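Annotation source TrEMBL lists transmembrane segment at B:18-37, B:112-129, B:156-182, B:215-237, B:244-261, B:297-319.
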Amino acid sequence: MTGLAKMADQEEITLSVQGLRKVIGKREIIKGLDFELKRGEVFGFLGPNGAGKTTTIRMLVGLIKPTAGTIRICGYDLHRQFPEATGSMGCIVENPELYTYLSGWGNLQYFARMMPGINEDRMDEVVRLVGLSTRIHDKVKTYSLGMRQRLGIAQALLGRPKLLILDEPTNGLDPSGIREMREFIRYLAEHEGLTVLVSSHLLSEIQLMCDRVAIISKGSVIRVDTVDNLLSQQEKVSWRLTPLAKGELLLRELAGSAEVKGDKVLTPYNELEIGRWNQALVESGVTVTEMSRRLPSLEDLFLELTGGESID
Amino acid sequence: MINLVYNEMVKITGKRRLVVVTLIIAILISLFTYAQFQQAAENRKRFGDVDWRTALEQRIAGWESRLANGSGRGDEGELEMRIAQQRYYLDRNINPSEPGAPTFVRGFVENGITLLLPLMMMIVAADLVSSEHSSGTIKVLLTRSVRRWRILLSKYLALMLSVSIIITLFGVLSTVISGLVFGFQGWDAPVLTGFTVTGGELDTSGVRSLPQWQFILMELGLAWFVSLVVATITFMLSVLVRTTAAVMGIMLACLIAGTILREMVESWETAKYLFMVNLELIDYLQDADPPIAGMSLGFSLLVLLVWGIGALIVSFVSFTRRDVY
């Protein structure tokens, strides 16, 4: 998609969540979520287990009724206009659970019968898109997890949705499968203009695949921002110095802060100053053997934002 | 909606449920046909090739002697009633058990209605909803652009269809298999129905004679109704309980409790409002003596209907409101 087209599409909101709350018994599981997803973006939903990711996703797809708040999918209210709203959405919640005693094709036929206007051509199209053509007529129980995942995606795409909701899409896949899935999700967003909502507790995954991220912890969204923005604030430079102690002391003076991590010193990244710091180090007799920009993982970020709450 | 029901039928047949039920029924029918054939052969060997009247007279004499020496053990009333009934047949020169496939079918439906047919319905109904929960497919099913009540209705319609198919299969298979052994004659043999009891005496004023085929159709109709109610209650359990094994267990316990309770209910009158005590509908057509005073065909039909409707309401309310985790 060209830049211009992308800009025009950014006006289109495919999912809007307002004041979403869920109370079970006396416990408030979800404490008022607000966010919006735009057309053609991959949105990451990130949080530790028990943060309320799954509950939220299940509310978004209509499996759980929210206690309060509204969910609009392509403008349709999920509660009041359920058929229209879910008609514009495709989803896989947790593992792709399908009817194992039917063939892959049988499953697609089954789903096609539940939506209007899906013919065999569309079914062929999604089968080709997920690359299952050779095995589609075998029983699903003979499929590997990766193949089931693909069939799950085929099923989700069958109704030409505008919004795709994937709960832990890379769970249980092998590294090549994870890579494939990632590329496929990027492809859907960039070339088919789909909005994709991906939840994960794997920070590296979200980092590689998403445009924007919502970080959620204990039932609230702590932060919504683009991945780039979040990362650039945390960008650091790592120095390998001899002698280490002297170098650290000097850098602390120059950069304002420095911390020793292993045999390296970390300082904030400052594009304009960094050359001068290097020069100062060399002039005072410290040898700089390595100097590299270090993009922090979302993990670091997460720990910082949630104040050390563990991921798993 | 037709598409949704079609989908449900695809799942029922995909799981080979109807095939299993058909096989069980076919095997059981073959077994009973063989057993009855053996018994007939044995009788012929022991008593010679006697006229049915002589055989019936012998049977009545047997009951009378049991009554006389007091070995009826509390069943005196029922025995007396049965003797009076058989005498009525004898007086009108009607053979109550004309040999042939129709008689076999009549007896088989009569015996199958309390346990065998409900069990078959259980096989189909027990995992209709609960299996979607245990396999996780409930999540793909409920995220379609179809409202939940329509999904459940399609499941229920598919269940009704399956019940009808099974009852039809039951009738057809028992006719064909037993007919191959006993012959297909006897469709027009008269069957007497409408005996009542007034003041401890058999009242024959309402007795009517029906051709056997008509009686069998009535039986199958009642069997269909009983099966549908049992299937509906199983369906409700399948919605409420998420594991198929638990559904099966609860339902099995109810049905077996029913057969035991029917023997003991005379002293516990309110038990007549339990559905499992009211499954023996066919008995009302032939027998005069209800298990509990005040029970009649109409009463039992009503009790079953109320249970069925109640189960449906509970199913729909629970299914459409429940959060799915």
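Note that Cβ sites are derived from N, Cα and C of the backbone, with glycine treated the same way.
Unlike curated records, TrEMBL annotations are generated automatically.
Counted over residue pairs separated by six or more positions, the transmembrane segment (B:215-237) shares at least 3 Cβ pairs under 8 angstroms with the transmembrane segment (B:112-129), which defines the two as touching. Counting Cβ pairs closer than 8 Å to the transmembrane segment (B:18-37), the top stretch among B:112-129, B:156-182, B:244-261, B:297-319 is B:156-182. Against the transmembrane segment (B:112-129), stretch B:244-261 has more CB pairs under 8 A than any other of B:156-182, B:244-261, B:297-319. Long-range contacts of the transmembrane segment (B:297-319) within its own chain (CB-CB distance under 8 A, at least 6 residues past either end) are made by residues 129, 148-149, 151-152, 156, 225-226, 228-229, 232-233, 235-236, 239-240, 272-273, 275, 278-281, 284-285.
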